[in-house]
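The block underneath contains the structure these notes are about, expressed in structure tokens.
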Amino acid sequence: MSYKITVPSASAPPPANDDGRLSSCASSDSEVEDDDNYSDWASTFGDALRTKSLFDETVLDTPELALKYDAEMHGFELGKESERLGLDMFGRIRLINLIRNAGLNKDQIAALSPSDALWKDDNLLIPVIPDDPLLQYDPDDSWSDDDELDAPAAAGPSKAIAQTAEAEDGRVSQLEAELEKARKDLAAMRLLVSKTVGEDDDDESEAPATTGGDDVKGKGKGKMVERDDDTHYFHSYEENDIHEIMLKDTVRTVSYARFILSNPKVFKDAVVMDVGCGTGILSMLAAKAGAKHVYAIEASGLAVKARENITKNGFKDVITVVQGKVEDIELPVKHVDVIVSEWMGYMLLYESMLDSVLVARDRFLAPTGLMAPSQTRLVLSAITGEREWRDRVEFWNSPYGFDLSTMQGPQFGEGSTEVVDKEEVVTTEAIVRDINSHSATIKSLDFHSSFVLKSTTSSPTTIRALLTHFDTFFSPHSGAEKSHVPPEEDVQILPFGDDEYKSPVTPLQPKDGQEGVPVSFTTGPRGKYTHWKQVVFLLRESITLDKGEEIVGKFYCKKSPTNSRELDVEIHYTVQKSGDSDVQGEREFTVQAFKVR
């Protein structure tokens, strides 16, 4: 990152001669040495105070100068805005980090409200810029470095020496005052860290606290500091890149748009909740379809930009953006009629966002309400995996003539996101999890399921990997029973253009005798590429599958115990002749474990 540096002069320049050239003056060795020592100290301390503008790349010498710059160049005054929003020290820190993280402009900041949930979001206490001096700046601090120490122009030699010494003393006193302020700021930041990680406690008794190493004694609850799986996850959705990728995924976005716009009976005059609204695209589609009101829930700082998008498109009176986790928020209504959410991650369940959608359902959905999507299926198949094996395993055998095969190991323990050609799939598909959004529970998302993958080739085939993808269904009917698509009914495989985002989506018309328009899409190799791709699990031991044979086994999936957003997968498999599932006696299964992260 490049910076423009603005360096205001710390003191008046030397006097100029009559011809305008700077005059030179002799100094004793001791004076030069003292100046050098002072300069080293001042330089080191000054670097720590350099502060980046809230709105551009300019870096100034002090927080005060940075705030003055932002006021003059961008018309933003942090103090006045903090006062308008009723922010205390921690609220001001949240505001600074929000501006830096979300790239807010003056108008977006003006749209913030004192009642916004983000002023209670402790994720915003984490500095965007490490050691940001602006976070430590106290506008109410009484000391000032504006005192002028300049000596009078006319002075005798002895008086000038005294004034020089006095000026040096003044500068030392000033730096001592700055150092004292830094100590106070450090104490305040310690308090902030204590508040953030939850170490403060009114209980004065000592108790062991686990820190990941040796047990230590100290004040507090005596519990391990709660693990935070959410901060990075939510911050990752504040960047534009991920939303551009998702919006350009026409399979994803057009499918949602088709369902919403093609089912006016579902959305007309309905109260809708959009869980994880992002840019606000699904909320605006619901409003366009005639929703009475939409509550757009967004836990990340992107909520500010979503609010602006909604205002620019004329939906401000119909859509309310609520920043916060759906587990924590409150709404002015008891129930909503529809919950729409794009919650799916890699291998369907990665990121664990479905947990939050199910919480929203249990808290807010009316008894006759509708979930969109209504159903998803996690699907397993087997592939030749020749390209994946060549790129991720054989590659390490002799790059540039060196044996780096030690690096192959991790390839067999990580599921990798890949785009697989449909020609690589050499077995039937097996549904290993069928999730109905109306009836699923969070507990049911950790599961194991039996599978059978039958060979679809006419000759022996080498299988080097197993593959997962998911199918998604939208039903215009509410309730688990009416909305459910049976396993024997296939997903729709429709064409999607790469540039369909360039124009509004056209609604579909219901077929004769059909009540509403169901929509579905696949992320598998049979359909068009999506940003979810597929997840490939490379096998340590390849399988030779002949015509009439099948791979049977069990697929285990659960949230990782070290990060609830990640998945632990274990696959047990063996090969048998088709129809031999009832064979008695012991059989040997190969077991391989993977991480999806």
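Even glycines carry a Cβ here, placed using N, Cα and C.
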Range among 1-37, 408-444, 556-592 that TrEMBL annotates as region 'Disordered': 1-37
Where TrEMBL places region 'Disordered' among the ranges 136-169, 374-407, 510-543: 136-169
Close approaches to the domain 'Protein arginine N-methyltransferase 3-like C2H2 zinc finger' (83-127) from elsewhere in its chain (Cβ under 8 angstroms; 6 or more beyond its ends): 54-55, 74-76, 134-135, 138, 188, 192, 195-196, 230-231, 234-235, 238, 301-305, 307-308, 311, 322-324, 328-329
